[in-house]
Amino acid sequence: MNWFIDAGVMEQKSGFLGDKGKCWLWWAEELSLRGWKNHIYCHYFGSKKIRETWWRKLLFLWVVGWLLGSLWIFWFMYSQAVEKRKETLASMCDERARMLQDQFNVSMNHLQALAILISTFHHAKEPSAIDQMTFARYAERTAFERPLTSGVAYAVKVLHAEREEFERQQGWTIKVMYSKKQSLAAETQEVSPVQVEYAPVIFAQDAFKHVISIDMLSGKEDLENILRARSSGKGVLTAPFRLLKSNRLGVILTYAVYRRELPVDATSHERIQAAIGYLGGIFDVEALVDKLLHQLACKQSIMVNVYDNTNSDEPISMYGANITNKGIYHKSSLNFGDPMRKHEMHCRFKQNPPLPWLAITTSFGALVIALLIGYIFHATVNRIAKVEDDYRKMMELKKRAEAADVAKSQFLATVSHEIRTPMNGVLGMLQMLMDTDLDITQEDYVRTAQASGKTLVSLINEVLDQAKIESGKLELEAAPFDLRSVFDDVLSLFYVKSQEKGIELAVYVSDLVPETLIGDSGRIRQIITNLMGNSIKFTEKGHILLTVHLVEEVMACSLEEEKKGHSLYSLSGYPVIDRRQSWANFKIFNQDLPGFQQILSSSYSDLINLIISVEDTGVGIPREAQSRVFTPFMQVGPSISRIHGGTGIGLSISKCLVSLMKGEIGFASEPQVGSTFTFTAILSRAQANLNEYKPSEFQGMTSLVIDHRPARAKVTRYHLQRLGIQSELAMDLKDAIPLIADRTQLVNMVLVDKEAWSKNEDLWPLFMDKLRKEKKLDTPKVFILANPCNSARNGSANSMEYGSTVIMKPLRATMLLVSLQRAMGSGGKDNFQNGVLPGLSLSSLLHGRQILVVDDNIVNLRVAAGALKKYGAEVTCEDSGKKAITKLKPPHKFDACFMDIQMPEMDGFEATRRIREMEANINDRIKHGEISLEDCGKTLHWHVPILAMTADVIQATHEECLKYKMDGYVSKPFEGEQLYREVTRFFKSNTKKIQ
């Protein structure tokens, strides 16, 4: 609403228009400048007389014009429908005519082949290889090759001088063609009179054996066909006639059989002299055409007629009934191979054409739309007078909206304050705890909790940040901070998860990056946490590497990095995405490459342009989903939120934060290889130095780093350099032994990667002996750097044999400092005053209790487990509801369960419901004696106490817990004491009931 009534509304709307729209706006502005706007409004719309007189006439003309236009639309579409109907009929008719003609041609070709067969095997052989039985059987078996023929017969040429001998050999006399009045029996037919030449039938298909001995020259039409066939050498058709057996219309196709093969240019006289017989094929036209039409789809949609149009004045109907319909019809010509006869196929639709509903509805719809447009325009004119009133109302609504926006901002500020206040207290107490004497494990726990608390604050603020971003009120802080310490905290946050998955975490910051910067460390931490959190979710093997450089440094070294192989120079040996692809579209890299002098000069500038990359070897992002990576509340697939959780706004917020830092963000990803996210940020150089990880006890020391992977060795040297320790790198033992033997160089410690240790395990005894001999007075300490994916137990066992210490990765300055202090003998003594288990009464209640804690957040699991273990409870942790159901399937060993409510895949309510169903089922079976007490753990009634853990501290959530038969309720964020009180209350009440 505010947007609509804004004074710049037209300017904002113009952004959604194309070039044509902007052109129209320009013309509108020009017209307004010339006074047309006020003139038209005042003279036409504002005049009541105009609206009542010619405005009605204009509407009448509008209606009449569109009425005529709708009639034209109807006529045009109807004519198009008629033409389309004609085209459809022509296509269907031509298709049928073509199929009938093609099949007729096939039958003609096979008849011609049969004529050649008779010439070859009957006339050319002595004695003949063909008799009546052979001919009949062959004709029947090859009938499928002549789909349109009803039968075939062969008549031989006999001269009068040869008649007597021919009749004696055949055993019958030559008879004349029978008439319609004569019977079909051979004995009733007349003997052929004396004539110069005869053509008696000697072979016939069994169905036409009655024509044997009949002289084909005795029939008028047959005589003409035979004479034409032998003189032309082509097939000749008769006129349609009624077949005597079926009384259907049919035709006979006649081919002449010659004594020898004639040349193509043979004369008619030569063909007549060479003719020795005549082969005829009978075609039942009506049956064959009907059979053909039944093979086609939509055979009932049109009517087909076939005509012999040789005599155009009196065409003969060969197929189909007489048609009296005078509708649309189409003619298709038929060519049956006889140029003397002409045939046509006539087609008509059986049904009358349907009403042109499309034309009717379209024309009517156009008329209705025109009337609606006229009505809308008429209503618009009448409503113009109300614009001023509406404007006043909207101005009032604008004031209300602005007041609501102020209230929203105040609400966000209040919520932000109320959430941050207790969390800041927690973080402050953790920091105070860090100032006490802690051992390595305790210090790791405290730092992890501290980093998690900071991350939790940022996660809670994500929704608030999104609201601030939408309102444009998100601002960045500017305070000095140590960038390297921030990254150490982020690594501590993901330490446990990386160890579970066997992923190696590492961070490397270039030496050219100042130790202290001015900027918003919380927002940088938030961006890195989002990127590394996504990498942890989708990476199952390999590594996650965080690198920081100056933009100028990367631009100058890009040519050098092109030469490196991805697998050899990667942190874990797995192939990775070329990180240069992730910043290929950055504007800053499209400028000219600066020289090294510019890099040096930038180191003295107040502005620091950083480029930060997060590289992983995960599953990658599908190519079809890469375009929506930075879209708010959008994830790669619908199953991601169910499996991995998350809201889908982390990357969106990160992109906005990067923009506020005047930077750019991009990524490169390849499925099954991994992803690399890179962003730039412009910060300021701070004058003070906040680095606290260079104690004087390690200043000037030298270390030897043995690692066959350069990228990993580079990370180790970076962390040692932060403690003031100089490092020498060696790829393997061959490179390390000369450095040890060099008496001019003092080596205080040797750090060996576990993978390099295992690779040359047989050579390590020799190396250790060499080390002791060369450094008799001050033998260097040996440290094994173990990755999460290495076998920590085997590494510890082997290292104890040589007196070495195992340091677990990821390397962080604080943990590395403590480990070196312990091993070098310069650290403080352990103080366990904070480790005493307070509260003997609580310890007596919780000691030995088996408690299951279920939470999808690993930090919450550690906090709850640590708090319960403090009082002697034996705690088992699971990270999903499905695993909890498996653990709590009776019989089991657990005395209680702490269940988180909101978890991916299956929430705490559903898990509790299924657990109660399992317990009810086994209790019912125990009650009916279906299961013995020994099989169910000697428990008569199964009911494990389930306590809900949730951050929704509202009454509705508490009622929901009771609805799903949960026994207790603990709100988050919580302290350890809150857990203790709830468990103590429950076990006390249990104790009283037992007594």
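The first residue you see is number 1, and the count goes up from there.
Placement of Cβ uses the backbone N, Cα and C atoms for every residue, glycine included.
According to TrEMBL, the protein has these features:
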DOMAIN    126-346  domain 'CHASE'
DOMAIN    414-685  domain 'Histidine kinase'
DOMAIN    702-824  domain 'Response regulatory'
DOMAIN    850-987  domain 'Response regulatory'
MOD_RES   Asp753  4-aspartylphosphate
MOD_RES   Asp900  4-aspartylphosphate
TRANSMEM  58-78  transmembrane segment
TRANSMEM  355-377  transmembrane segment
Mind checking which residues reach the transmembrane segment (355-377)? Cβ under 8 Å, same chain, six or more beyond either end. 59, 62-63, 66-67, 69-71, 73-74, 76-78, 81
I'm trying to understand the geometry here, so how far is the Cα atom of Asp900 (4-aspartylphosphate) from the Cα atom of Asp753 (4-aspartylphosphate), in Å to the nearest whole number? 39
If you count the C-beta atoms lying within 10 Å of each candidate's C-beta, which of the modified residues Asp753, Asp900 ends up with the smallest number? Asp753
Within the predicted model, mean pLDDT of the domain 'Histidine kinase' (414-685): 78
